[in-house]
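Novice: When I checked Swiss-Prot for this same protein, it listed these features:
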- Lys144: active site, proton acceptor (ACT_SITE)
- Thr18, Tyr20, Ile21, Arg41, Lys50, Ser90, Gly91, Arg95, Asn98, Ser121, Glu122, Lys144, Phe166: NADP(+) binding site (BINDING)
- Met125, Met177, Val178: (-)-pinoresinol binding site (BINDING)
Amino acid sequence: MGESKRTEKTRVLVVGATGYIGKRIVRACLAEGHETYVLQRPEIGLEIEKVQLFLSFKKLGARIVEGSFSDHQSLVSAVKLVDVVVSAMSGVHFRSHNILVQLKLVEAIKEAGNVKRFLPSEFGMDPPRMGHALPPGRETFDQKMEVRQAIEAAGIPYTYVVGACFAAYFAGNLSQMVTLLPPKEKVNIYGDGNVKVVFADEDDIAKYTAKTLNDPRTLNKTVNIRPPDNVLTQLELVQIWEKLTGKELEKTNIAAQDFLANIEQMEIPHQAGIGHFYHIFYEGCLTDHEVGEDEEASSLYPDVKYKRMDDYLRMFL
């Protein structure tokens, strides 16, 4: 049933299309054969890279729709064009933090009344499991929960895509903070380095998102991205890199209390980052719960040949 449904063309609007994950979702939707629309907000007029991205989307076959979060009716008109809305609004402290702006999108979808599914901006840790998260990083999860509650209160059909660390931020650097490149000599290991973590290439996250958005099996469900070969400990990730380079790194184990020391004195974005790293690498928040095959992306869509972390790390050689 799911397979036949996904061969049909679905009209999709991507909001936040020029963002880090948004641009990948646009391309994945086009590759999946969806009739893809992207929301162009008037304020991007002087941002040359975003303008060029929109032009590249247009060249690939996407349709540009103008709309503004300060103009409710323009949002209603935009969502009336499509069956599915996917949001990729930024929700991290070191970039723009726009999670609650999605409430305006919820209102527009509610008024339009035609949208068959909404995928809000998620893609990371599962917010209902993060009520205990350290501030200020918890703000992201609290706000995502606020958006979820608004979606469900409005009776809008949904799919939540969660569960993985973006490889570019967590794998290429062997999970080191303050760099996106692999360390050359020394590597910090969180605790004993044996907590299981989920890594995923961002293009694969986008592919799974494009496949799940019209799949009846995932309607009103949470889809976890947990590709089995990419469920690794930090030590296993480091060992993959050491095998590729033929060089052993000097390892320094950092106890939890040392990792969190002086967090209150740090800048807010750094505090949030420390908190997220703590929950992932010390608590194991991505893997401390079971996920059924009908809830896991790589099981639902085995045709996606996801990138393993050894292949991912080869890019840095």
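Using N, Cα and C of the backbone, Cβ positions are placed for all residues, glycine too.
On a predicted model such as this, the values are computed, not experimentally measured, just so you know.
Describe the structural context of these features.
Specialist: Following the DSSP three-state reduction, the secondary structure of Lys144 (active site, proton acceptor) is helix.
Take the CB of Lys50 (NADP(+) binding site) and look out to 10 A: across all protein chains shown you find 18 other CB atoms.
DSSP gives Met177 ((-)-pinoresinol binding site) a coil state; it is part of no helix or strand. Of all Cβ atoms in the shown protein chains, 12 besides its own fall within 10 Å of the Cβ of Met177 ((-)-pinoresinol binding site).
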Novice: Could you give the Cα-Cα distance between Met177 ((-)-pinoresinol binding site) and Lys50 (NADP(+) binding site), in whole Å?
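Specialist: Approximately 28 Å lies between the Cα of Met177 ((-)-pinoresinol binding site) and that of Lys50 (NADP(+) binding site).
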Novice: Compile a sequence-ordered list of residues in the same chain as Phe166 (NADP(+) binding site), six or more apart from it, whose Cβ lies below 8 A from its Cβ; state 'none' when nothing qualifies.
Specialist: Ile21, Phe123, Gly124, Ala200, Glu202, Ile205
Novice: Counting only residues 6+ away in sequence within the same chain, which have a CB under 8 Å from the CB of Thr18 (NADP(+) binding site)?
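Specialist: Sequence-distant Cβ neighbours: Ile44, Glu49, Lys50, Leu53, Phe54.
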Novice: Let me check the 10 A CB neighbour count of Met125 ((-)-pinoresinol binding site). How many other CB atoms are there?
Specialist: 23
Novice: By CA-CA distance, flag whichever of Met125, Lys144, Val178 among the recorded positions is nearest to Gly91 (NADP(+) binding site).
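Specialist: Looking at Cα distances from Gly91 (NADP(+) binding site), the smallest one goes to Lys144.
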Novice: Using a Cβ cut-off under 8 Å and a sequence separation of 6 or more, which residues in the same chain sit near Asn98 (NADP(+) binding site)?
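Specialist: Correct list: Gly16, Met89, Ser90, Gly91.
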Novice: Take the C-alpha atoms of Glu122 (NADP(+) binding site) and Lys144 (active site, proton acceptor) and report the distance between them in angstrom, rounded.
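Specialist: With distance taken Cα to Cα, Lys144 (active site, proton acceptor) is 7 Å from Glu122 (NADP(+) binding site).
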